[in-house]
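Structure record follows, encoded as structure tokens.
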């Protein structure tokens with residue numbers, strides 16, 4: 001049996017800077033050799049008396065249904081409400097743009113890119129503009145960014161509701177989009193940063209499932225007002241007013257949430273971060289073996305950089321500084337584009353037009369079908385959020401996008417068949433494939449769309465990665481929504497065929513480049529991205545075990561050195577006291 005005490009004591013004598021991040025893990029050529037070398041020295045090490053091989057095992061932490069996490073879930077639920085804003089807007093505009101009262105009120109043409117298309121796409125312009133202010137959440141914190149964003153959406157919703165002209169409506173929608181982007185960037189970042197590694201898939205994944213809740217409320221409120229106030233401005237004005245409901249709730253209850261522990265460490269408030277972890281991760285246990293380890297990992301990840309430093313906060317060059325940074329940025333860009341350009345935006349915003357193209361022309365029926373579509377996607381996304389930590393991110397993406405391509409193939413065939421024959425069976429088949437597409441796509445992409453970009457980013461670049469994410473997704477949505485009315489009118493079902501081939505392209509890219517993040521701490525992922533091939537490293541279990549052992553050893557050294565410093569302080573004071581007594585006696 002190894003002599004644990006001798007191993008620990010030998011490490012305690014080493015200064016903390018003997019294990020350097022770059023020297024140990026930064027050289028691609030010697031990457032695995034360095035990890036193997038570090039791993040050889042980890043035998044017998046403990047953290048607070050717990051062997052390192054057990055330090056990250058979930059046996060030390062309860063499951064997601066444990067009562068100790070209820071407080072954490074309460075915090076996250078408040079931020080989840082931010083996800084409803086884009087879902088509400090998508091279903092709202094997708095429901096009201098076919099209403100005659102709405103089209104006449106604002107003098108719009110349903111197939112006009114400069115009319116209906118512009119009203120839709122201005123939201124994406126506002127999103128792109130708002131994205132450039134996302135890094136400000138590094139300045140004052142995630143919580144203020146969430147609150148300011150939601151307050152801005154409330155004001156924008158009031159403007160949109162009171163307007164009587166198309167220009168004012170467009171302005172109000174830009175205002176909503178601008179501030180919704182700030183809140184929608186800060187909220188998933190907050191969820192990813194406050195969640196323990198073994199729960200992050202569920203905690204952060206559930207965030208975007210409330211996109212469908214906003215969509216459901218918008219669709220059915222529009223359906224209700226359309227039934228009760230036909231041919232009246234109330235049919236679309238009331239849903240426009242209701243757009244402020246969810247962000248208003250965040251403004252009221254958002255003051256109750258504490259700040260993200262990772263942001264607190266990034267601005268030097270380490271004790272507050274430690275208290276957060278003790279309270280929300282470890283059920284108040286100040287002696288838990290993972291406390292010092294988690295804190296040490298977070299502290300090291302910032303490399304002494306002040307997160308709120310204006311020069312650092314606005315410097316987007318950090319997204320592309322190193323090879324691993326560029327790989328991360330590539331994944332953020334791909335995820336942002338794929339999340340909006342897989343055919344899902346067409347279904348979200350233009351479902352009524354899709355239904356009209358297969359013979360379903362009743363406005364109230366189309367609005368109702370829009371609501372049912374939202375329910376289908378919501379249920380599927382919740383299932384995905386709970387399974388994503390079991391099947392993994394890569395398998396989830398690959399399964400969803402391949403299923404989506406098959407569903408769009410079926411939709412293309414049924415739509416083409418209906419155009420030729422006008423048969424009811426073809427129309428019903430198209431409806432089935434629309435819902436199949438929504439359910440399959442939402443299973444993986446909805447819970448992971450906002451989560452994945454935060455997972456693959458570092459603590460230092462997460463806000464800037466969100467900037468990149470929202471700019472790219474905004475451009476993708478703008479292209480989609482501005483071009484879709486014309487495309488659906490002119491090329492009809494061939495528009496769906498285009499997305500079939502694009503989804504196949506996505507499958508290939510995801511298979512060869514996307515990194516698996518399941519179960520890794522955000523700090524462990526930093527090591528994965530430094531590997532010569534991050535995608536291969538992320539699924540190499542032997543490599544990941546070495547990474548974990550290396551990080552645990554590093555943390556053990558830090559803890560030991562910190563304890564030594566604390567022990568030396570009283571000894572020093574005692575020595576001074578004895579020296580003073582000796583001087584007094586000699587006098």
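Cβ coordinates come from backbone N, Cα and C, glycine included.
In Swiss-Prot this protein carries:
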- 1-10: compositional bias 'Low complexity' (COMPBIAS)
- 111: N-linked glycosylation site (CARBOHYD)
- 231: N-linked glycosylation site (CARBOHYD)
- 1-42: region 'Disordered' (REGION)
- 568-587: region 'Disordered' (REGION)
- 1-72: topological domain 'Cytoplasmic' (TOPO_DOM)
- 94-116: topological domain 'Extracellular' (TOPO_DOM)
- 138-143: topological domain 'Cytoplasmic' (TOPO_DOM)
- 189-202: topological domain 'Cytoplasmic' (TOPO_DOM)
- 224-237: topological domain 'Extracellular' (TOPO_DOM)
- 259-330: topological domain 'Cytoplasmic' (TOPO_DOM)
- 352-370: topological domain 'Extracellular' (TOPO_DOM)
- 416-424: topological domain 'Extracellular' (TOPO_DOM)
- 446-470: topological domain 'Cytoplasmic' (TOPO_DOM)
- 515-587: topological domain 'Cytoplasmic' (TOPO_DOM)
- 73-93: transmembrane segment (TRANSMEM)
- 117-137: transmembrane segment (TRANSMEM)
- 144-164: transmembrane segment (TRANSMEM)
- 168-188: transmembrane segment (TRANSMEM)
- 203-223: transmembrane segment (TRANSMEM)
- 238-258: transmembrane segment (TRANSMEM)
- 331-351: transmembrane segment (TRANSMEM)
- 371-391: transmembrane segment (TRANSMEM)
- 395-415: transmembrane segment (TRANSMEM)
- 425-445: transmembrane segment (TRANSMEM)
- 471-491: transmembrane segment (TRANSMEM)
- 494-514: transmembrane segment (TRANSMEM)
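Within its own chain, the topological domain 'Cytoplasmic' (446-470) has Cβ neighbours under 8 Å at 83, 127-128, 130-132, 134-138, 181, 184-186, 188-189, 191-193, 200-201, 204-209, 211-212, 262, 265-266, 298, 301-303, 305, 307, 312-313, 315-316, 318-319, 325, 328-329, 331-333, 335-336, 339, 377, 380-381, 384-385, 388, 393, 396-397, 515, 517, 522-523, 525-526, 529, counting only residues six or more beyond its boundaries. Sequence-distant residue pairs (6 or more apart) of the transmembrane segment (203-223) and the transmembrane segment (494-514) include fewer than 3 whose Cβ atoms are under 8 Å, leaving the two stretches without contact. Sequence-distant contacts of residue 231 (N-linked glycosylation site), defined as residues of its own chain at least six apart whose C-beta falls under 8 angstroms from its C-beta, comprise 100, 101.
For the transmembrane segment (371-391), the partner stretch with the highest count of Cβ pairs under 8 angstroms, out of 73-93, 471-491, 494-514, is 73-93.
A Cβ distance under 8 Å defines the sequence-distant neighbours of the transmembrane segment (168-188), meaning residues of its chain 6+ beyond its ends; these are 79-80, 82-83, 85-86, 89, 106, 118-119, 122-127, 129-131, 133-134, 136-137, 142-143, 145-146, 148-153, 155-157, 159-161, 204, 207-208, 243, 247, 250, 450-451, 454, 463, 466-467, 469-470, 474. The transmembrane segment (331-351) and the transmembrane segment (238-258) are not in contact, since fewer than 3 Cβ pairs between them lie under 8 Å (pairs 6 or more apart in sequence). With Cβ pairs under 8 Å as the measure, the transmembrane segment (144-164) is packed most heavily against 238-258, out of 117-137, 238-258, 425-445, 471-491, 494-514.
Sequence-remote contacts of a segment are chain residues at least 6 beyond its ends whose Cβ falls under 8 Å from one of its Cβ atoms, and for the transmembrane segment (425-445) they are 212, 338-339, 342-344, 347, 351, 354-355, 358-360, 369, 372-373, 376-381, 383-384, 387-388, 393, 396-397, 399-401, 403-404, 407-408, 410-411, 414-415, 417-418.
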